[in-house]
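Beneath this line is the structure, given in structure tokens, with notes to follow.
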Amino acid sequence: MPDVPETVGTPDGSTEFEHRPTTDQSFENALAKARNGTRLTVDDAVELFTTGTDRDGIDHDRKEQVLEAADRRRAEVVGDEVTFVANLNNNVTTACNTGCLFCNFKDRSEQFRSDYQEDHGGFTKTPSESRQIVQDALDRGIYEVCSVSGLHPALALDTEHREILETSDRGDLNYRSPDEYETDPATYCEQLDAMNVGDIHLHSMTPEEAYHARRGTDWSYEEVFSRLQDAGLDSVPGTAAEILVDEVRDVICPGKIRTDEWLEAMAAAASVGLDMTSTMMYGHVENEYHRALHLQRIRDLQDRTGAITEFVPLSFVHEETPLYERGMVDGGATVDEDELMIAVSRLFLDNVDHIQASWVKYGDTQGLKMLTCGADDFMGTILSEEITKRAGGDYGEFRSFQEYADMITAIGRTPVERSTDYEQRRVIDPDADVLGPQLGPRADGTPLLD
């Protein structure tokens, strides 16, 4: 893994990147191919993202043509259902020193050491705390727990891995003994085992975390994911992808694994029988050609594995990130770019049935609009530890089944509760007196929150 620089030069995607959004293709030809279902090329995707490289800026009429084509494709592939899952987010720790410039989630790992004197807003949970959080949410009716965390230096795959790290004399492993920290995060396997309660679906361990879980060893990703699977892992979130083009990763996340290693880890997860999701975090320093290359790499991975259940475009939220604070970006993607991202993803990824609209990223109004641009999934309830506390408080990002039913039916679509892998589905009656989950292991239709 490369060292994280203190500063990174500000690239102008139109002048300094090797990959530029220029093609020998025409917008009209790309749109025609999209409409008739011909597999698109990278150049086709660039033309659709830009609404024509022969134009300066996004052409509104052309954009609407792309959105219409994507919405028709969505209807052909998945119909008028809009799915969502009853889920919980339980992130183990915010401690991380990877230094990604787009991130405002992490806290410097040294702040968590037992000799650190100043207050900080981060957290690390013990396995027993994670288990209690999941147990409470399971009793409320959730189907899935999603857990994605910072790369805490004390985290190891299991006790064998910890012993290897403890005895290693290498100084490049990003490892410190848990004895040095106020709270011991235990191991990845211990955390997963703790969260593996009552047949809940456990969605965790990104490729970046899998790398962290094998550092200092010659273990394959297959070995790592097999051990995680034995601890209870059911599926893998395809986050940490950001943009799968190394010249972009060199700018926004130079401390993260490279594109090839991300793809290797995902293929390994699929090879041991784990389903996975896929993502793209866009709207920062990258250009349309990078976005198209990213989509091609996701599509190629799906051609090889068939294990990707959904694609999730994640619009960059720039506030309070180093990219923004250092003047490397002046904002995120525009609304037009967001809509075209959903649409082109639908048209390009002909082997991924489900495209998700993130209401957390887009907001409710624009999130619903994305469901007319090619998306068919509307995330999940995102119950969290803070929400499960009985005594008041801010419910934050939680979304109830009643809210889902009201919003989805308002745009003329059918609300459907789903499982993580989309194999289990339940059409929801928006006129029912009480709306709650029924697919979770302990769900009985009671609302998640009273």
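Each Cβ is built from the backbone N, Cα and C atoms, and glycine gets one as well.
As the structure is a computational prediction, the values presented were derived from the model and not from experiment.
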TODO: When you get a sec, could you say which of 199-219, 283-303, 430-450 is annotated region 'Disordered' by Swiss-Prot?
DONE: 430-450
Task: Spatial neighbours of the region 'Disordered' (430-450) far in sequence, C-beta under 8 Å, 6+ residues away - done: 86, 138-143, 198-200, 381, 383, 387, 395, 398, 400-402, 405-406, 409, 415, 417-419, 424
TODO: In three-state terms from DSSP, label C103 ([4Fe-4S] cluster binding site) for me.
DONE: coil
TODO: If we count other C-beta atoms within 10 Å, could you say which of the binding-site residues C100, C103 has the fewest?
DONE: C103
Open item on the list: I'd like to know the mean pLDDT over the domain 'Radical SAM core' (82-350).
Closed with: 96
